[in-house]
Amino acid sequence: MITGERMAAVDANAAALGVPRAQLMESSGNAVARVAREVAPDGGSIAVVAGRGNNGGDGFVAARFLGGTGGSDVVADGDGAPAVDVETILLGRAERIGTDIARRNWDALVAGDADVREVTDSSAFSLPDADVVVDAMLGTGISGDLREPIATAADAMAASDATVVSVDVPSGFDASDPHSNANPVDADHVVTFHDEKPGLDALEADIRVVDIGIPAAAERFVGPGDLGLARPSARTGRAYVIGGGPYTGAPALASQAALRSGMELSFVAAPDRVADEIQGYAEDLIVQPYAGDRLTTDQVPDLVETAERYDDVVVLGPGLGSAEESLAAAREFLESYTGPAVVDAEALSVVPGLGTDATLVCTPNRRELARLGGPETDDLRAAADEIESFAADLGHVVLAKGEDDVITDGERTRISRVGVPGMAVGGTGDLLAGIAAGLLEHADPFEAACGAAYVNGRAGEVLAERWGAGDGLGITASDLLTEIPGVLWGESSD
Ligand SMILES: NC(=O)C1=CN([C@@H]2O[C@H](COP(=O)(O)OP(=O)(O)OC[C@H]3O[C@@H](n4cnc5c(N)ncnc54)[C@H](O)[C@@H]3O)[C@@H](O)[C@H]2O)[C@H](O)CC1
Ligand SMILES: [K+]
């Protein structure tokens, strides 16, 4: 099962893997043509009714396959099967076709002398008296109720005796919100691509899921599409880093990374002994000192109150150390806090068996993962199934950091293989925690964790390449900070 939104992400990942959407459209249209031909009577007629988006583009490809090279004339196809009579109706003006790939396929139909016409006004629309109607008006790009001239065409399909073959989803059907479906086309057959879409199974139609050649890696490995799902679209949110004491660099890096990932403000709650030191690293941070050398349970009520009052995204752990009383404080904090938090470093040790209403993204490295009861391995990718079970038991999203990262919520698991070997340097994990906090402000925890792994790794790749630094063996975590915005907002996700 895949939502329209996730489908678009997988599609973008496929393009990054060298399988562009135009190629997928070719497979989609071909599959539709096969089904339309199969359900049409010998020598029958097929009308393709297409919209101006990529769903229409699939329809144009289908029309090309159905028409063969001889345009609309009745010709035999390559297998010797009797050909069909094909007519294509574009709902709208050809100049207003919305995507390049759909337009190229329209142009190819026109150039191939196919039987095509444009209908710009609902009053000019009449459904041809065809045996089969291919509904290529709207797919996963739908928003709101059906507008004209599609609404009229959908009514005409409902009133006709033709067999209706819908492309991907019946037009008007919203795969991102199956409950909102007011009046979708009443399809007899639905040729849906790659995977079942939510809600299709409730329709009284024959649903065919067809493989359109999306590589499995487009789902398995995080790519630009995952970035698109997690990218913040507004500068909002407060990061609240609870860390520091024995160490000072880690909370400073995490909180700066959160700012670089779109947060509006970044606070660090730290012992007063080290507050000035942390502030000294970066004037952009707001350091909130509390009395003492390290975190203790005395501070917990204030920390919880602040984080809840300002709807903060918490990062708990960077530089906190492993003193007994600090870990007790981390535990108490998570027992009463109810918002989103990234849990990193020593604070991770309190998560197994914890009762919490907070939404956690846990970011262990290989050693921390093993200590928590996860698999003990240098090859996280090979242990992805075990890490998935571990996350299911833990009940929280796990982003296990290694040469390849494994991101899992216990049901879904993705791998991040972006990054350069030089990123094994200390501090990159703190960056990752800060980026995850920035993305967690807007995205769901699993998508935020996937996006953060991708952004962190890409920042390393981009910097190493710009410096001509090969594997990036000399880069440091603080070098990577300024690369984050360029990766997050400068790289295309489709
Ligand atoms: N991997 C894939 O996902 C592939 C999908 N393919 C096909 O592409 C469509 C999705 O295409 P997209 O261009 O994003 O959107 P649509 O064609 O569905 O619609 C956009 C089009 O419709 C107009 N519009 C939106 N809402 C309405 C409305 N309520 N009433 C009227 N018109 C509306 C909007 O203005 C645009 O013009 C997917 O379903 C697949 O069929 C690729 O072919 C292959 C890969
Ligand atoms: K459709």
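Cβ coordinates come from backbone N, Cα and C, glycine included.
DSSP assigns G56 ((6S)-NADPHX binding site) to a helical segment in the three-state reduction. Using a 10 Å Cβ-Cβ cutoff, G56 ((6S)-NADPHX binding site) registers 30 neighbours. Summarising the annotation, TrEMBL assigns (6S)-NADPHX binding site to 54-58, 139-145, D168, A250, G319, D430.
Positions annotated as K(+) binding site by TrEMBL: N55, D135, S171. In the shown protein chains, 28 other C-beta atoms lie within 10 A of the C-beta of S171 (K(+) binding site).
Residues or ranges marked as AMP binding site by TrEMBL: G429. Note: G429 (AMP binding site) has non-local neighbours D344, A345, T363, N365, K401, i.e. same-chain residues 6+ apart with C-beta under 8 A of its own C-beta.
Look at TrEMBL and you will find 7-220 tagged as domain 'YjeF N-terminal'.
Residues annotated as domain 'YjeF C-terminal' in TrEMBL: 207-491.
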Chain-internal residues, separated by at least six, CB under 8 A from T140 ((6S)-NADPHX binding site): G4, M7, A8, N55, D168, V169, A175, S176, K197
Around the Cβ of D135 (K(+) binding site), the count of other Cβ atoms that are within 10 Å: 34
Listed binding-site residues with Cβ under 6 Å from ligand 1, out of N54, D58, G429: N54, D58
Those binding-site residues in N55, G56, D135, G319 whose CB falls under 6 A of ligand 2, listed in sequence order: N55, D135
For D135 (K(+) binding site), the three-state class that DSSP assigns: strand
I142 ((6S)-NADPHX binding site) CB neighbourhood, other CB atoms within 10 A: 25
Rounded to the nearest Å - Cα separation of G144 ((6S)-NADPHX binding site) and S171 (K(+) binding site): 12
